[in-house]
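Sequence annotations record features per position, and here TrEMBL assigns region 'Disordered' to 181-203, 219-247. Annotation comment: TrEMBL describes 187-199 as compositional bias 'Acidic residues'. Marked as domain 'Sas10 C-terminal' by TrEMBL: 203-274. Look at TrEMBL and you will find 219-245 tagged as compositional bias 'Basic residues'.
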Amino acid sequence: LLKQESPELLQLIEDFEVKLMELKDELHPLLQMVKNGTIPQGKGSRYLQTKYHLYLNYCANISFYLVLKSKRMPVHSHPIIERLVAYRNIINDLAVIDQKLSSQVRMLLKNYYDKKEDKLRKEKKFAVFLPLDVRKNKSKRAPALAHGRATADELSDESDMDEEAALKYYKMMEEKLKLKRKRTEDQDALEEEEMSEGEDPNRKRGVTYQMIKNKGLTPRRKKIDRNPRVKHREKFRRAKIRRKGQVREVRRELHRYAGELSGIRAGVKKSRKLQ
């Protein structure tokens, strides 16, 4: 049904995911290199900025299209479709330039991620020699720092703490659920005991819904057979239709006869020749 109504939706969702990945993993690091001065100012830097903004606008338009689809609004005549097609054509035109620059971009990204890994390794080595109280203070102060950097050791400590806290919380919730179930079971047992004690043995048992609806072994009848008047009316209607096929109704002459409505063809002979 989705493919029939809007076949472009699945392709757009796939495009959306791919373009966001490219923005995050490729274009954002390259723009950081432009800011740092690793990539010099010029045509290359301008091309990267243009591509970055183009991808952002394309993703924004796709998200708007998805919002319209989620609200079940008609999209085929909406101007967003033309906008998406225009952006898609521009991105396709850039594919030739991307192919030429692919080797250079790959080298730049490899250097960027290698430096990042080395930096993280160094920070991890230095974090091992720090005393425990200093590390704790660092972890407390980390969110308040302007640059917002944190060491790999602190991150691992925090993740371990988070896992422990999650396990404790899970166990606590499980115990609570067990207690709740036990309480409900005890309460049900008490209610049953009270009902059994309070019941009079000579009193008649109440009628349930199942008992009321139970008709036993009855033959299946048509809905029309329930009401005889409706049944006879339907019978008469069908009999009239059959009668019209057997006996032609007499047509009264309201106006003077002026020939058949379909017209009379002079060339047609329906009489039989006598020899």
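Cβ atoms are placed via backbone N, Cα and C, with glycine included.
For the domain 'Sas10 C-terminal' (203-274), the number of residues in each DSSP class (helix H, G, I; strand E, B; coil) is 28 helix, 0 strand, 44 coil. Per-residue pLDDT, averaged along the domain 'Sas10 C-terminal' (203-274), amounts to 86 for this model.
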